[in-house]
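Annotation comment: TrEMBL describes C:26-180, C:205-347 as domain 'Sodium/calcium exchanger membrane region'. As annotated by TrEMBL, transmembrane segment applies to C:29-46, C:58-79, C:91-109, C:130-148, C:160-181, C:206-227, C:233-253, C:273-296, C:329-348.
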Amino acid sequence: MMKILKYMLIFIPISIVGEFLHFSPTVMFILAALSIVPLAGLMGAGTEEISFYTSPKIGGFLNATFGNATELIISIFALKEGLFDVVKASIAGSVIGNVLLVLGASMLAGGIKHKTQKFNKKVSEVSSSMLLFSVIGLSVPALFTHTLNSELLNTKYEGLSVAVALIMFIIYILSLFFSFYTHKDIYSSDLEEEGEEAKWSLKKALAVLVLATIAIAIESEFLVGAIEPMTESLGLSTFFVGIILVPIIGNAAEHSTAIVMAIKNKMDVAVEIAIGSSLQIVLFVAPVLIFISLLFKPMSIIFNEFELAALIVSVFIANRVANDGESNWLEGVQLISVYLIIAICFFMI
Amino acid sequence: MMKILKYMLIFIPISIVGEFLHFSPTVMFILAALSIVPLAGLMGAGTEEISFYTSPKIGGFLNATFGNATELIISIFALKEGLFDVVKASIAGSVIGNVLLVLGASMLAGGIKHKTQKFNKKVSEVSSSMLLFSVIGLSVPALFTHTLNSELLNTKYEGLSVAVALIMFIIYILSLFFSFYTHKDIYSSDLEEEGEEAKWSLKKALAVLVLATIAIAIESEFLVGAIEPMTESLGLSTFFVGIILVPIIGNAAEHSTAIVMAIKNKMDVAVEIAIGSSLQIVLFVAPVLIFISLLFKPMSIIFNEFELAALIVSVFIANRVANDGESNWLEGVQLISVYLIIAICFFMI
Amino acid sequence: MMKILKYMLIFIPISIVGEFLHFSPTVMFILAALSIVPLAGLMGAGTEEISFYTSPKIGGFLNATFGNATELIISIFALKEGLFDVVKASIAGSVIGNVLLVLGASMLAGGIKHKTQKFNKKVSEVSSSMLLFSVIGLSVPALFTHTLNSELLNTKYEGLSVAVALIMFIIYILSLFFSFYTHKDIYSSDLEEEGEEAKWSLKKALAVLVLATIAIAIESEFLVGAIEPMTESLGLSTFFVGIILVPIIGNAAEHSTAIVMAIKNKMDVAVEIAIGSSLQIVLFVAPVLIFISLLFKPMSIIFNEFELAALIVSVFIANRVANDGESNWLEGVQLISVYLIIAICFFMI
C-alpha cells in the first residue's frame, strides 16, 4: 500500500513545474490532488510515529486531532479565497463520503472475503449516536432556516453560527476527556495494535510531519486556486467539486486504511475510522473553520438543502448500520449505491 | 380462507357482462377489484405449486419475482393509459400499505391471541435495513428536486430516473444472489414450510398460472379504464385511488396470508411478507415500470412530497419495529392508526 | 428537595398581592411561574398519596392521568385567551423538553456519579416506539400541509384535527388497557417502589389535591394573562415563551424527580418519566385540548415547521437513546446541547 503512495510523491515536483509553466486548471487540479493523497498518508504515518514517543493519551489525542489535518488545510485555503460554498460542501461531503463510500467499500471488500463480519456494537453505538446528536445539532440552524423560507439577518446567522460552533467545540473537548479519561476502557482493547513499535526516530517523524504539512499547504493552494477556472471550463458546479471531489482527495489515505482493515477482518477499526472521522469533521473541523473564518470574513454554518438532506440521510444510515453489529457484502453494495445516487444528483444540479 | 376467494371468482363473469352493458365506472371499478383479489390468490398458489417441481432455488426465485405480478400488471395498464400519477402513487402506497396496514393488522390479529410474539431479529434486520437503504436511494432524486424547488429539465429527470432504476435493479439481482447463494443459510430454516408437497400436477399449476395472468390482465384493463371517470363522478383524486385503493386491491391476497400466519404465531413469516414485499416493490417493480415506460412515454421516478413523506415515515417505522424482535397488539393498533391518519390526509387533499 | 419546593409556596401570596398592585407583566409572569413549580410538586405528591388508598391499577391510572394536570390547566387558560400558538408550541415544547432537557440532565447528573447507567431496554423500547408512532401520527397532518404549501380550507383542518385527536385518544385508552391489564407484568417490577406507604391521610391528600388544583388555576390565569404584554415589552416572541418557558414551568417538579432518580442510579425511572410524560402529552393532553377548544374556538393540530422539525428530531433521539439501554454523562451533555441549540434558534426567530 505504502509503496504506491511513495511513488505518487513524484506528482509534487510535477505540480510545481506545472504551476510555473501555467498548466491548464484541470491538469493542475489533478496534479495537486495526486500529490495530496501520498502527503496525507505521510502525515498520518508521521503522527502515528510521534505518538510512540508520547504517553498513550497524548498519542491518542495527536492521532485524533491531526487525523483530519489535510482537510483542514485545504479548507483554510478555500476559506481564504472566499469559497464558502466549497468549504461547507466539503464538510458535508466528508461526512457523507465517510459513512456511505468508505464504510460501504469496507463492507464490500471485507464481505467478499469474510461471509459475515462482526464489530464491537458498544463502540460503534457510542460513536454513531454521538454522530447523530452532533449532526442534528449542526443541522438545526439550517433546518430552521429552510423550513422558515425566511431572511434571518446575516448578522444573526453569524452570531448563531459562532454559538453553535462553540457548543460543538466544547463537546469535542469533552469527548476527548470521555475517551481518554472517564471511559477509556471502552476503547482501549479494540483499537490499539499490540506490540507495535516506532520505526522512525523522533527527529525523522517530526521532520516528516513538518515537511508534509508545508507540502500539503502548497498543493492545497494549487488545488483551491484551480477550482474556479476548472469548474468554469468543464461546466461543473463548484458545489459538486466541494461535496464529492475535495473530500475524496482529502481522505483518500485514510480511506484506504479502512478498506485494508476490513479485508483483514478488523471491521471494528474500519467502522471506527469511518464514523470517528465523520465525528471529528463535525465536532472539530467545522467549528475550527467557523472560528478561523472570523479572521477573514465570517462564514455561516447554514448548509444548503441538499447538504442537509444528504447529511441527515447518511447519519441515519450510520446509526442503522452500527446498531446491527454485523455487516456483509450486500450492505456494502447498498451503501455505495446510495452514495452513487447522491453523487449523480449532485452532478446534475 | 381459500374458499371465500373461490366464491369471489364469480365476479369475473359479472365484470365482463358489466363491461358489455356499460355499467357505471364506479361499479366497474368495484367489480374489477373484487375479481382481482381471488385471481391474485390463485396466481400466488399457482407459483407456489410450480415451485415444488423446481429446485428450491428456482422456486424461491419464482415466488420472489411473481409475488408482485398482480401489481405489476395493473401498473403496466395504468402506464399504457398515461396515468403516471396513479402508477407512482401505487408504488409508494404498496410500501406504506405493507409496512403500516399489513404489518399492523398482523400484529393486532396475532397479538390478540398471543401475548407477545417474537420473530427472528436477524432476518428482519437484514430486510428492514435493505428497505431503508433502497427507499432512501429511490427517494434521493425526489428529495433533491423538492428541496430545490427547481425546474430540472425533464430530459434530465428521465436520465436520472433510468440511472436510479438501473442501480435498483442491479441491487435486486445481487440480493437474489445474496439470499439464494452467499447467505442462504440465514433464511432457510425460518421461512420454509417443512413436509409440504405439491397438491396440483405441474400441468394444472401452469394452466392456472396462465389463465390467472390473462384474467388479471383483462380485469386490470377494466379497473384502470374506470379510474378517471370514477374519480370525476365521485370527486375523489386519482392520487387517492393510486395510493390507497390500488395497493389494497393488488395485495389483498398476500395480506390475508400475512394475517393468517400471524394468528398461527408465525410472526417471522408475516414480517417477512410485509417487509419483503415492500422490498420487491422498490427494487423490482419500480425499476421494471421505469424501463417499460420507455416503450410508451418515459416516466420519472420523482415522487411527490406526500409520497416522499409517507414513504420515509413508513420505512423508519419498519426499522423500529424490526429492531424490536417482538410485537404486541398495541403496536399493531399504532401502525394501523398511522396508516389511517395518512389515508384521511390523502383523502382530504 | 421537597423542602425548597415548600419554601417556594411563598410566591403564591406574593403573586396575588402583585396582581392587585398591578406589578409589571414580566414580574407577574416570573411570580406565577415560581408559584406553579411547588404547586405542581404538591399535586404530584397528592396524587401519589391517594394512589396508596386505591388498587394499584386505579393508582397507576390516577398517576398517569394527573401527571400532566399542571400543563393541561395552563393550556386551557391559554386556549380560553385564544393563544393557540402558545398552546401548540407548549405541546411540542413539552415533548422536546422531556426528551432532550430532562433526559439529558438526568443522564448528565446520574452519569457524573455512576460511570455507565443501565436501564430496562424492554420498557424503554415499548415506550419510545409508542412515542415514535404517536408523534408521527400527530405530525402527519402538519407534514402534509407544509410539504403541500397549500391552502387547505380551515374547516377541513378542523375536521382533520378532531379525527386525529380522536384516534390519539383511543390509543391512549388502549395503552392504559395495555399497561394495566394485558401487559401489566412488563412494567410492574421496575417502576414500583417496594415497601412504600402512604404518609398522609386520605382526607389530607384529597384536600391538598383540591387546593393545589385551585391555586394552579389561579396562577395559570396570572401566567397566561402576562404572556402577551410581557413578550411585547421584552421583544420576545410568544412562540418562544410557548415552546421553551411554559413547558419548563409546567414540568419543573416532575423534572427534578427524574434527575433525583438518575442520581440514585434508578435510570429506569428517569427514562420512564421523560418518555412516558412525552407520550401522555401526545396521546392525552393534545387530544383533550383539541376537544376542549371546540367549546371556545376550534384549534387545529397543525404544528408549524419548527415545531415539526424539533418534534421529529427529539423523537428519533429518544428512540436512539432507548435502544441503547445504557447512558453516560457525555450522552447527557449531547442531549442538552441539542436542546440548547434549538432554544437559541427559537430565541432568534
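Going from the start of the chain as shown, residues are counted 1 onward.
Each Cβ is built from the backbone N, Cα and C atoms, and glycine gets one as well.
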**Message:** How about long-range neighbours of the transmembrane segment (C:329-348): same chain, 6 or more residues beyond its ends, C-beta under 8 Å?
**Reply:** 96-97, 99-101, 103-112, 236-237, 239-240, 243-244, 306, 310, 313, 317, 321
**Item:** the domain 'Sodium/calcium exchanger membrane region' (C:205-347), counted residue by residue under DSSP: helix, strand, coil
**Value:** 122 helix, 2 strand, 19 coil
**Item:** Distant-in-sequence neighbours of the transmembrane segment (C:58-79), which means Cβ under 8 A and at least six residues beyond its ends
**Value:** 36, 39-40, 43-44, 47-48, 50-52, 86-87, 90-91, 94, 176, 179-180, 213, 216-217, 220-221, 223-224, 227, 242, 246-247, 249-251, 253-254, 276-277, 280-281, 284-285, 288-289, 292-293, 296, 299
**In contact by Cβ distance (the transmembrane segment (C:206-227), the transmembrane segment (C:91-109); 3 or more pairs under 8 Å)** = no
**Request:** Quick one: find which recorded stretch in C:130-148, C:160-181, C:206-227, C:273-296 has the most Cβ pairs under 8 Å with the transmembrane segment (C:233-253).
**Result:** C:206-227
**Asked** Considering only Cβ pairs under 8 Å, which range in C:130-148, C:206-227, C:273-296 makes the most contacts with the transmembrane segment (C:160-181)?
**Response** C:273-296
**Message:** Quick test of the contact rule: Cβ under 8 Å, at least six residues beyond the ends. What residues does that give for the transmembrane segment (C:273-296)?
**Reply:** 64-65, 67-68, 71-72, 75-76, 79-80, 82, 84, 87, 91, 94-95, 98-99, 102-103, 106, 124, 127-128, 130-131, 134-135, 138, 161-162, 164-166, 168-169, 171-172, 175, 251, 254, 257-258, 261, 318, 322
**Item:** Distant-in-sequence neighbours of the transmembrane segment (C:130-148), which means Cβ under 8 A and at least six residues beyond its ends
**Value:** 95, 157, 160-161, 164, 167-168, 171, 175, 275, 278-279, 282-283, 286, 301-305, 307-308, 311-312, 315-316, 318-319
